[in-house]
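Each remark here refers to the structure printed beneath this line.
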Amino acid sequence: MPLAQLAEPWPNMELVQLDTENGQAAPEEGGNPPCKAKSDITWVEKDLVDSTDKGEGVVKEINITHHVKEGSEKADPSQFELLKVLGQGSFGKVFLVRKITPPDSNHLYAMKVLKKATLKVRDRVRTKIERDILADVNHPFVVKLHYAFQTEGKLYLILDFLRGGDLFTRLSKEVMFTEEDVKFYLAELALGLDHLHSLGIIYRDLKPENILLDEEGHIKLTDFGLSKEAIDHEKKAYSFCGTVEYMAPEVVNRQGHSHSADWWSYGVLMFEMLTGSLPFQGKDRKETMTLILKAKLGMPQFLSAEAQSLLRALFKRNPANRLGSGPDGAEEIKRHPFYSTIDWNKLYRREIKPPFKPAVGQPDDTFYFDTEFTSRTPKDSPGIPPSAGAHQLFRGFSFVATGLMEDSKVKPAQPPLHSVVQQLHGKNIQFSDGYVVKEAIGVGSYSVCKRCIHKTTNMEYAVKVIDKSKRDPSEEIEILLRYGQHPNIITLKDVYDDGKYVYLVTELMRGGELLDKILRQKFFSEREASSVLHTICKTVEYLHSQGVVHRDLKPSNILYVDESGNPESIRICDFGFAKQLRAENGLLMTPCYTANFVAPEVLKRQGYDEGCDIWSLGVLLYTMLAGCTPFANGPSDTPEEILTRIGGGKFSVNGGNWDTISDVAKDLVSKMLHVDPHQRLTAKQVLQHPWITQKDSLPQSQLNYQDVQLVKGAMAATYSALNSSKPSPQLKPIESSILAQRRVKKLPSTTL
């Protein structure tokens, strides 16, 4: 089930009272400021503080010492280029920054900047807590502090930049998942919490927006400003902090709490992930706290017995009886039957594949951060550098297009795109601000592809301009963002949306079309053809395993990124017809969800689309081997002739090149071009075929080809026939029907 909608990932936090270093409460300046009424923010309630906790404490000015990344020199603000504002809290901002000095130049970080002048004593304490904890923690599921330093007026924390956004918001908006999927995230979270507890740290602020995703989909715990360092597990903290719905009973009634309070919050998160709602939530914070202290929790019966058992063990109001509070700590959690399928060692080594991969593109993407912040120009920065200035090359896409940009006819603006695209450049940046458009390099029915030059770097790119009134490119963009990091899939560089057109910027594909290059080579062998198909099929198998079908794998959409002709430089392009497997509500589905809950007819349709991809690769393989296309003799063949041959599965593997081609190659071609899509080999089966696995034993004799233009014309005719609209049936008198005529013959003759 999708998760409930959650709070913003960067809420403004009002901390009314926090402990100072000696464990006492610090007095507030200027009386008691009112608490925020919202229940989804972090806060401290002063009127709940017992009189025994109100003694005046010793206030200490916090002086943050420098923390330097291993192998680096002492850092200062001048070493970081401000790129974007990611968020803003009550006493500081968070920026996306790029390191501009060695040894980690060009690396992206998140930088917290805290102004000393605006910090009250409680905030200074909170900052020191975060800095000390982060400096001590080194764990795969906890955010890492790389640098810490200060100037006369500011404090700086340089942290991991996590591009995936927060776990709950991403899952609630994008994907359908199962109890098995939830188990993965909870298991990683348990390891992160266990590590903090082993250092004597009580997290105390475990809530959805503090669990972030990296680009692979693994979790990272962040924001330790409310954590309490204890000498050992016998020590208790008394400050009232955290987010109310996730508070343990002993935190609410201020009896003092230890690390076991985190396991209560862990149970709240587990309940929320599995059900989409919070276990204890009243109409206001007072009622919510009453429910936490007294309410009996009903357990949803759709949860497994193991999940219900773990929740009951975590929701013990007496912390001494709570699972995880004993001397074995998190080992008690890990031994619970709910986690019987988890390999904890593999999980720690990040060897278990996450159920969901966030759609993130280039390293400086900030899709998953609030546009309220990301659209702002970073203060003290000359401006947001156009992202095409990144110091790396970006791959291009296929050449599909029309003269759209010359169309002066005004059309109504289309609805805004997927939120991912809306957030890319904020609100005011236009494509023409960063690029100069040059000549067209391809045309199509709904888009134009042109060469363009980045104004700052003078680097050449290609831009695909899509008319939104003719096609919604959201699916194409999301697929490229999520899977474009694969080495043989085009990488989306930039996206712009002016309301009428969408601009997809990629690198210019300098190597041209795959078939062009192969047919023009003086020498091309069966062994080389095997290497080419292996690279392409491996990429298609990756897409199919992610629930993505391309649906337009004609040879003109497979290109070389450079002139080398190496299989590694092959790119699958143009995902304009590609689809991701989705639930009825439009959300993506994890592999586990697909296997257990998707209707057979949906899977059958997905299998059909995958079969179409394999058929297209079969056509490509046939052409590489035979030097001609399987179903068209030339561009003059009619669609009816071509479709008849395709429908009958009629193609020849005799004569010409076929006389010297191996039998194992003929076997593979026949199985990829099988007329029944459900009987064709899958991409995985193609990769396991002897023609692929034993390529070193294949012949190296030269293959002969027809004229390049003749082959390309025949290929174009093939796909044109497939895409041509089917003629509507002509209505004729019933008497002309063969069935009616047959029935008339069977009628008994009668005489009056």
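Heads up, the Cβ atoms here are built off N, Cα and C, so glycines get one too.
Feature annotation from Swiss-Prot assigns active site, proton acceptor to ASP205 (among others); the stated evidence is similarity to another entry.
Of all the Cβ atoms in the protein chains shown, 20 others lie within 10 Å of the Cβ of ASP552 (active site, proton acceptor). As annotated by Swiss-Prot, active site, proton acceptor applies to ASP552 (among others), with the evidence given as similarity to another entry.
Cβ neighbour count for GLY92 (ATP binding site): 21 (other Cβ atoms within 10 Å of its Cβ, all protein chains included). The annotation ATP binding site is assigned in Swiss-Prot to 86-94, LYS112, 441-449, LYS464 on the grounds of sequence analysis.
The average pLDDT the prediction assigns to the domain 'Protein kinase 1' (80-339) is 80. Swiss-Prot lists 80-339 with the feature domain 'Protein kinase 1'.
Summarising the annotation, Swiss-Prot assigns domain 'AGC-kinase C-terminal' to 340-409.
According to Swiss-Prot, the feature domain 'Protein kinase 2' maps to 435-692.
Marked as phosphoserine by Swiss-Prot: SER239 (among others).
Marked as phosphothreonine by Swiss-Prot on the basis of similarity to another entry: THR377 (among others).
The phosphoserine feature in Swiss-Prot is assigned to SER381 (among others).
Positions annotated as phosphoserine by Swiss-Prot: SER398 (among others).
Residue density at THR590 (phosphothreonine): 20 other Cβ atoms are found within 10 A of its Cβ, drawing on all protein chains shown. Swiss-Prot lists THR590 (among others) with the feature phosphothreonine.
Per Swiss-Prot, the feature phosphoserine maps to SER749 (among others).
Neighbour counts were taken as the number of other C-beta atoms within 10 angstroms of each residue's C-beta; across the binding-site residues LEU86, VAL443, CYS449, the minimum falls on VAL443.
A Cα-Cα distance of 38 Å separates LEU86 (ATP binding site) from ASP552 (active site, proton acceptor). Rounded to a whole number, the C-alpha distance linking VAL443 (ATP binding site) with ASP552 (active site, proton acceptor) is 16 angstrom. The distance from the Cα of LYS112 (ATP binding site) to the Cα of ASP552 (active site, proton acceptor) comes to 45 Å. The shortest Cα-Cα distance between THR590 (phosphothreonine) and any of the recorded positions TYR446, CYS449, ASP552 is the one to ASP552. In this structure, the C-alpha atom of CYS449 (ATP binding site) lies 17 angstrom from that of ASP552 (active site, proton acceptor). If you draw a 10 Å sphere around the CB of TYR446 (ATP binding site), it holds 17 other CB atoms from the protein chains shown.
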